């Protein structure tokens, strides 16, 4: 159940009540594809860096260790020892990324495992069954994530099918939630809006899926090649046609700048692999822009990554030490930077919520963006 | 200053007072070659797994990031944020491992960096200078670590030179500790006994180095190819000729069994890369022998690595989850196993100290060894 606490223009400040606790929104979900955050972060670490929601991937967990194994082990929460909310994607995005290995039909998608080439079929029912086995807090509907650019006739037909698939997802989840041996009988379902960059198709789709009265609604198929301006435009067009009193989720987005702009356009949920991936490559976020810790100028730098940050890494370690760890190929380097980066994102969301609470989001957003660009010299080329 | 609290046969229970706090002995030092424990363990993790002494490597830190850099950054303790004792080896072992790249003279050793082939010279003075720059708690003397087997005439000449080098080390450390800009002016020095498996050469050498009244004495050049029986025999012969009221250190040893046998023969300090290296390969220690977590039988195992262990890993995660992390190539797998293994070693040392305190070391040792071999099926082939 979503409770809209406050608005500021289209920006929303909400609370989403789930069987695994309340999520304060806007929120950034921390991505642990295979039931672990890359960079050797444990779920104990996640608790230290203000993570509210962990996100795992249906496709990857279906292949390894297998969703039936996870079910036998009591579901994802018990498996990875995390008692707060978990969102699982539907596998759609990964399946559709395997362009050369798949075939789409009305029933679903035939594709080959990227690990061993094994033939797999996944449709709406299969995706729901896998996510029910994983027992995540929130399941995502199985959709077709359309690449950009895409021809209008293809997009129209695909979106129609995604709607039919969504109806099948809802029906299957209702069935699964009623079964005796289902671990999370209150699993929630988010639908996904598609339509590439055709605003009218997206709006029509948004209206139709809104009628299904789901637990939340995502905008999918963005951040897949279009410009930022196109993405923001789509949000401006489509978000007004998604229920304001349900959480909205912009899938796979994005940079701190993207998040600030999208909150302004009414988005509640975000997720992105960027902070963890950048951290593993020594790229770290600060309130004055990104830094590349491999830069020689940090060799003797005794200050933390960000002097204004109170994450477990900045409270303890210097840039010089972390730079040395990267040079020496010590895994600890990655862990420290991933922890800092996720903390940075989670803290920015906390700041956004406070700014919304205190009716000063526009001022906060302006100051934050100015901070990022103030120190152009520090931005990674 | 070493305080002998209790003995049991030749086994010693002691307290070693250092400028960075008291070390309870017998102790196992946790190896962080490049100023970090491999497997993404932070010094915060080290505090959680009962680590008393961290060990770093002079040769490796001289090359990366450079001991002068570490000095400018305030020494190793400040660099890696660890305020308990640190022991640095002398670089001797690594230098002598580069057999094809080195040339030994009376002055020291000419060798080539394993990273970029750069020519480097290291003698007793250079080793002491590097270790003084690193500002470790305990510096090790620069010696020649002789491979086994070795011809008697070579060993005799080498040990003579190691003695002359030790005198130079002592003199240089006294000078360095008196300099105004030295970070740790109370740096301690341990001498190293050598002599391959020639007991008479080792005994003669032990007598001579004992006269130098150093802070502690190591037995070096063991665990380099001889049998366990030969190693134990050497300890029985030589330890009685090292000062009982100084700590003794068996370098590079070893397995839990080796440690129990060597404590019985009078050893206080141990170090070994084995628990961390094994952990990174899914091999974990338990009180019932070693396990290989990649074994298929653990796929659905919901128990911790060792039900009798209260380490941060066993309190939280199952074998099934850790096995999945290895299969999925998640770095967290290594971190969890390294943490568990080091905790296992550090806890065994705690148990040894308690058994010595309570005059039941022989019984403890017997029961522990029986436990390890009780479950032969679980031992890694």
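Cβ atoms here come from the backbone N, Cα and C positions, even for glycine.
These figures come from a predicted structure and were not determined experimentally.
Record check, TrEMBL: Zn(2+) site residues include B:309, B:311, B:314, and the candidate from B:283, B:324, B:340 also listed there is B:340. Site annotation for substrate in TrEMBL covers B:89, B:90, B:91, B:92, B:93, B:143, B:194, and the matching candidate from B:117, B:221, B:225 is B:221. Between the stretches B:271-275, B:276-280, B:286-290, B:291-295, TrEMBL puts its region 'RNA binding' entry on B:276-280. TrEMBL assigns the feature region 'RNA binding' to one of the listed ranges (B:238-244, B:245-251, B:252-258, B:259-265), namely B:252-258.
Here the candidates are the binding-site residues B:89, B:93, B:143, B:309, B:311, and by Cα distance the one nearest residue B:271 (active site, nucleophile) turns out to be B:89. If one looks beyond the region 'RNA binding' (B:276-280) by at least 6 residues along the same chain, the residues whose Cβ comes under 8 Å of a Cβ in the stretch are 30-31, 37-39, 290, 334, 337-342.
It is 39 Å from the Cα atom of residue B:143 (substrate binding site) to that of residue B:309 (Zn(2+) binding site).
When DSSP labels each residue, the region 'RNA binding' (B:252-258) comes out as 3 helix, 0 strand, 4 coil, counted as helix, strand and coil in that order.
Cβ neighbour count for residue B:311 (Zn(2+) binding site) (all protein chains, 10 Å cutoff from its Cβ): 22.
Under DSSP, residues within the region 'RNA binding' (B:276-280) fall into helix, strand and coil as 5 helix, 0 strand, 0 coil. Ranking the binding-site residues B:89, B:91, B:92, B:93, B:194 by Cα distance from residue B:314 (Zn(2+) binding site) puts B:89 first.
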